[in-house]
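Below is one structure; the comments refer to it alone.
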Amino acid sequence: AKTDIPVNIYKPKNPYIGKCLSNEELVREGGTGTVRHLIFDISGGDLRYLEGQSIGIIPPGTDNNGKPHKLRLYSIASTRHGDHVDDKTVSLCVRQLEYKHPETGETVYGVCSTYLCNLEAGADVAITGPVGKEMLLPEDEDATIIMMATGTGIAPFRAFLWRIFKEQHEDYKFKGLAWLFFGIPYSPNILYQQELEELQEEFPENFRLTLAISREQQNPEGGKMYIQDRIKENADQLWELIQKPNTHTYICGLKGMEGGIDEGMSAAAGKFDVDWSDYQKELKKKHRWHVETY
């Protein structure tokens, strides 16, 4: 049975007002930046969602033109049942956006991410959505799920991994392989590290974790170890898996990450005289190559 995909239950004109239950720092000492794990109470409304979807957050106040702020979309980091597995919450993984102003050189902080990162437990939050059909998990319990994330791109994959391994459901018992490639700058930036390591210990046959820690590890050329270097390193095995009809590949994170991944896959496919860009187009047509970058 195809799961009904909920979309836009709450629209920007009439958002759902949830409550912040908790807001915890995910980056440990020695890491860079701030990334928060937020849990919102949604028990009072009709908000439903699936793993791989996003919700919109409308920051309070007005922009420089006196207009209400536009919503920002964030990938959901929890399964449809929420972190407490009681169907009453939704979680986000939010990095505080900061950048240097091109003209003044001042540090500018993102409006919505700063609002969320500083949100206190008990505070109201305006939520819209859910949206997204691109990043949904297949129903097939024997599927191979390849996930490639940088930074907070881990959010949907945390939802996937909880769904696959943590929650045992009568109607969904995963027997396939889930392989996560995760790119971060420093070890303390490994978001959800403890959860990931527990899964590795508990499900060594079904879960693989490959980290690319750019400021601590070196690639074979002596440069920084980025996610695309790990893809290249494992390209032959990935190519073998990707040819299976029930393999799904998901990419989530910063816009620039796709180029390097394509390079690695291109080299592997090339060994078998396959043109990767043609092959990838076919995968996209069959809804087996899923990309969400921002």
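From the backbone N, Cα and C atoms, a Cβ is placed for every residue, glycine too.
Features of the protein shown, as given by Swiss-Prot:
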BINDING   Arg72, Leu73, Tyr74, Ser75, Cys93, Val94, Arg95, Tyr99, Val111, Cys112, Ser113, Thr152  FAD binding site
BINDING   Ser75, Arg95, Thr152, 184-185, 214-215, 224-228, 253-254, Glu292  NADP(+) binding site
DOMAIN    13-137  domain 'FAD-binding FR-type'
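In terms of C-alpha distance, the listed binding-site residues Thr152, Arg215, Gly253, Glu292 place Thr152 closest to Ser113 (FAD binding site). Cβ neighbour count for Cys93 (FAD binding site): 24 (other Cβ atoms within 10 Å of its Cβ, all protein chains included). Here the domain 'FAD-binding FR-type' (13-137) has a mean pLDDT of 96 out of 100. Every protein chain shown contributes to the tally, and the Cβ of Met225 (NADP(+) binding site) ends up with 19 other Cβ atoms within 10 Å. Every protein chain considered, the tally of other Cβ atoms within 10 Å of the Cβ of Arg215 (NADP(+) binding site) stands at 12.
For Arg215 (NADP(+) binding site), the nearest of the binding-site residues Arg72, Arg95, Val111 in terms of C-alpha separation is Arg95.
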